[in-house]
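Enquirer: If you scroll down you'll find the structure; I have some questions about it.
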Amino acid sequence: MAIFSTAQPLSLPRHPNFSNPNQPTTNNERSRHISLIERCVSLRQLKQTHGHMIRTGTFSDPYSASKLFAMAALSSFASLEYARKVFDEIPKPNSFAWNTLIRAYASGPDPVLSIWAFLDMVSESQCYPNKYTFPFLIKAAAEVSSLSLGQSLHGMAVKSAVGSDVFVANSLIHCYFSCGDLDSACKVFTTIKEKDVVSWNSMINGFVQKGSPDKALELFKKMESEDVKASHVTMVGVLSACAKIRNLEFGRQVCSYIEENRVNVNLTLANAMLDMYTKCGSIEDAKRLFDAMEEKDNVTWTTMLDGYAISEDYEAAREVLNSMPQKDIVAWNALISAYEQNGKPNEALIVFHELQLQKNMKLNQITLVSTLSACAQVGALELGRWIHSYIKKHGIRMNFHVTSALIHMYSKCGDLEKSREVFNSVEKRDVFVWSAMIGGLAMHGCGNEAVDMFYKMQEANVKPNGVTFTNVFCACSHTGLVDEAESLFHQMESNYGIVPEEKHYACIVDVLGRSGYLEKAVKFIEAMPIPPSTSVWGALLGACKIHANLNLAEMACTRLLELEPRNDGAHVLLSNIYAKLGKWENVSELRKHMRVTGLKKEPGCSSIEIDGMIHEFLSGDNAHPMSEKVYGKLHEVMEKLKSNGYEPEISQVLQIIEEEEMKEQSLNLHSEKLAICYGLISTEAPKVIRVIKNLRVCGDCHSVAKLISQLYDREIIVRDRYRFHHFRNGQCSCNDFW
């Protein structure tokens, strides 16, 4: 039977010493009140006990008071505010009470308060810090990622002769890893004379969390060689390391180790095993484990969903989501993210719309970032705007990820001004926010502004990363800033400590080639310290198409196909160069080779968003419900353009077509023309027509878009594979340099 009733106030007997609370507490009285404290199951009961202790004088006993305070500070119903009041009533808090206060603050919402409590302890009491004090202070330093504070506490622990204590040392290892100082963590680990399993776990999990999974596995091997018995925490860390580096063989060995050594397999460890199998691509092993698990939580279901998504079995992933006993936002996010990251943005948006129909399901930052990325890919500006409004309406914090995603979405959907507005609205910007804005400027051909922003970023004491440089080089490429790109490239390692990767080399080749410096681009490739990749040769091949350099094109294509024989893009590019030069026999031969080998040219596809719906058009497409009206508008537009001096650029026809009239008809069927015409019949001025194309816009379509913008007084924005084109009053923002 319960001692306390949760419904009724606690009934305590009148104490005979009520009139004299300062009378010394007997052992029986102390034991009785400590028993009462330990039986409390609510804050209300604890406060009743507190009041009785004050009335009876028991609270003046430091030991009893400290026990009451510990329950107020650390129990499941703890209240830091109440605990502090209890602490302040203790006449002379002992070391246990001070350490309890420090521990409570270190585990609370504001860990820095534990440091202030520590300072009060050393300045206001006769108590000295001991081996129980420092672990929680060091934990607070780790929580706020303050390396300097951690180092200071380390020094104080050494001076207090507890620096080598295993509990203190383990806390220091965790703190140094949390602050990114791996070397100091390793030094502390080596100084521990009698390492316990927590010491090893702290190192293994620290390496995993800080991106050194290989070191984690090496340390586990050493741990095993020293006959240290691993715990389930060890196994979780090791399996996470295997998952990160996709080491299925080692992961399976770990699973065997768990079975052979009878390691306790709780739900956390089972989920780690499942995660390892899915991340390593062994969906069969994952399915067997999943089916065998008697206990499952949402992490289990979401991990399995992720596994199917990784293996591109989206039907099975959907089935897992539908079968979940309780679908949470994490599961929905997993499916949206899986589609978005694997080139299926339309499917990601479909899932997002399903999520919107769910009751009591609150969107979080992860949901919004993934969905904004999908919007960016397909050009869903209206949905992106809705998400931005949702963020404002619901007070969702604009962290760096959300800010970057918004900037990226607006930029890729053609609204650069809105990107600037979002960028300027935030005071704190990290490297990803700066890089997103630089990338947006690059896509829209604002090369000089992008380079200026690169330097402003450094003035703001934000160090660029590899993505930043990629975006700056793209900006230079679209604006012809060759000298600036070369200068920044040579500064990457010397000034910024960033070793150029293959994508950076490809960017410089693109900068040189696009500006006509083909021979210089070849010499640059020959001087590369790493083997040229397909992206490098692809950049050179693309430049050869622009400048019709057949000899270099054939060489670049040969090198590219040596690395990736089934690269359809390389075949198409070379075929287009042959066609541009009138070498139709070569075109025929290359197209025949593609048919025989099963290679297919990616069809031209353009999309346009009208009233929140994405409408797609393929070249020569008749599938759209309004195709008849679209083609009627196309005929009207082309006739109007011809009457104003337009002549089709039949040199842009890259198929083998004999009759001039058929060549002209072929040009008219390009997907971007269809999308623009649909925009003309579906919207009215001054609404901007925004079109997204998957391939490079051809010269004829470029000329047509300029003329339409002039003759119909419409602003047209086209995003092709490489950049944006803003058509206004018969002119394009690219100045015909693309």
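Backbone N, Cα and C define each Cβ position, glycine as well.
Here the structure is a predicted model, which means the values were calculated and not measured.
Per Swiss-Prot, the feature region 'Disordered' maps to 11-30. Taken from Swiss-Prot, the feature repeat 'PPR 2' applies to 130-164. Per Swiss-Prot, repeat 'PPR 4' is recorded for 196-230. Taken from Swiss-Prot, the feature repeat 'PPR 7' covers 297-331. Marked as repeat 'PPR 12' by Swiss-Prot: 465-495. The region 'Type E motif' annotation in Swiss-Prot covers 536-611. Under the heading region 'Type E(+) motif', Swiss-Prot lists 612-642. According to Swiss-Prot, the feature region 'Type DYW motif' maps to 643-738.
Describe the structural context of these features.
Expert: Sequence-distant contacts of the repeat 'PPR 2' (130-164) (same chain, at least 6 residues past either end, Cβ-Cβ under 8 Å): 95, 98-99, 102-103, 105-107, 111-112, 114-115, 118, 121, 170-172, 174-176, 178-181, 184, 188, 191-193.
Within the model, the repeat 'PPR 4' (196-230) shows a mean pLDDT value of 96, rounded to a whole number.
Sequence-distant contacts of the repeat 'PPR 12' (465-495) (same chain, at least 6 residues past either end, Cβ-Cβ under 8 Å): 431-432, 434-435, 438-439, 441-443, 445-448, 450-451, 454, 457, 501, 503-504, 507-508, 510-512, 514-515, 517, 722-723, 734, 737-738.
Per DSSP, the region 'Type E motif' (536-611) is made up of 53 helix, 6 strand, 17 coil.
Tertiary neighbourhood of the region 'Type E(+) motif' (612-642): same-chain residues 346, 378-380, 382-383, 603-606, 668-671, 673-675, 677-678, 680-681, 704, 707-708, 711-712, selected by CB-CB distance under 8 Å and a gap of 6+ residues from either end.
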Enquirer: Checking distant contacts: for the repeat 'PPR 4' (196-230), what same-chain residues at least six beyond its ends satisfy Cβ-Cβ under 8 A?
Expert: 166, 169-170, 173-174, 176-177, 180, 182, 185-186, 189, 236-238, 240-242, 244-245, 247, 250, 257, 261, 263
Enquirer: Mind tallying the repeat 'PPR 12' (465-495) by DSSP state, helix then strand then coil?
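Expert: Counting residues per DSSP class in the repeat 'PPR 12' (465-495), I get 28 helix, 0 strand, 3 coil.
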